[in-house]
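Chemist: For reference, the structure I am asking about is given below.
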Amino acid sequence: MKVAVLGAAGGIGQALALLLKTQLPSGSELSLYDIAPVTPGVAVDLSHIPTAVKIKGFSGEDATSALEGADVVLISAGVARKPGMDRSDLFNVNAGIVKNLVQQVAKTCPKACIGIITNPVNTTVAIAAEVLKKAGVYDKNKLFGVTTLDIIRSNTFVAELKGKQPGEVEVPVIGGHSGVTILPLLSQVPGVSFTEQEVADLTKRIQNAGTEVVEAKAGGGSATLSMGQAAARFGLSLVRALQGEQGVVECAYVEGDGQYARFFSQPLLLGKNGVEERKSIGTLSAFEQNALEGMLDTLKKDIALGEEFVNK
């Protein structure tokens, strides 16, 4: 199993690479790519960690060597948020980066599963889909927007509030990966109940958690370490499913039946070919139903922005 990380010299990429080097199954290959010249050195640094995961690093404009034979490609390349920016302010720079890298994936490893981490995910996934479609290699079961950070944050905040072990809590999060489009389904957390005020406050905190980190880092960056952990969790789940493990479920932002929007984050059963089944979002509370209806315009606009970027 070969996993490629594109954007591997950045804050998210390095954290992700470290976690994959220590947690990928024995015999896996990990390839790191970034435009930055330090990237081969990041791979050498990680190669000293005693795990049976082969690692190589590549830098420069061309990601081909890193992508050859990749089964999973995780893309975290791009610029990070600064205070006062929201994820959509990143669009102007990151859209071009994602387009370029996905073109290279389409050419070199068209059958790979692709996880897009680069923000704004609501839009960059649409860009990736259109690029793959133009290349004639788009498979909607193999393209994912990685929203796992919203899930791990939800799990953490709910566990803190309710005095639970974080590992015991699993909150499904649907919609998108920015602001109001992030919708934690708190009504579906087993064995935990919330007041209306708690639901409103928690939902808002989960939606704004990225900003919480950006502000706390005082201009020095955005959520890189927790995002690295979230991306590793998703990537490792995907690897387990591709290797035949049954019953692997993760939420991610994928193209579905278009019931809510062309792309939508929902629980997915993963399998040997990527998405095996898009699971139902279940019964929503009145608060959640209202929030879902209220976000769709924003989500659809985000998606259209990505489609237009490629097709203009």
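Positions of Cβ are set from backbone N, Cα and C atoms, glycine also.
Note that the structure is predicted; figures quoted are calculated from it, not measured.
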Chemist: Which of MET227, MET295 shares the NAD(+) site with GLY7, ALA8, ALA9, GLY10, GLY11, ILE12, GLY13, ASP34, ASN94, ILE117, THR118, ASN119 per Swiss-Prot?
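Modeler: Record source Swiss-Prot; matching candidate: MET227.
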Chemist: Return the residues near ARG153 (substrate binding site), defined as same-chain residues 6+ apart in sequence whose C-beta is under 8 angstroms from its C-beta, sorted by sequence, else 'none'.
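Modeler: Listed in sequence order, they are ILE206, ALA209, SER226.
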Chemist: Using only C-alpha positions, which one of GLY11, GLY13, ASN94, MET227 is spatially nearest ASN119 (substrate binding site)? These are the binding-site residues in the record.
Modeler: ASN94
Chemist: Between GLY13 (NAD(+) binding site) and ARG81 (substrate binding site), how many Å separate their Cα atoms?
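Modeler: On Cα coordinates alone, these residues lie 15 Å apart.
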Chemist: Would you mind pulling the DSSP three-state label for ARG153 (substrate binding site)?
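Modeler: It is helical.
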Chemist: If you count, for each of the recorded positions ARG81, HIS177, the other Cβ atoms lying within 10 Å of its Cβ, which residue has the minimum?
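Modeler: Each of the recorded positions ARG81, HIS177 was scored by Cβ atoms within 10 Å; lowest is ARG81.
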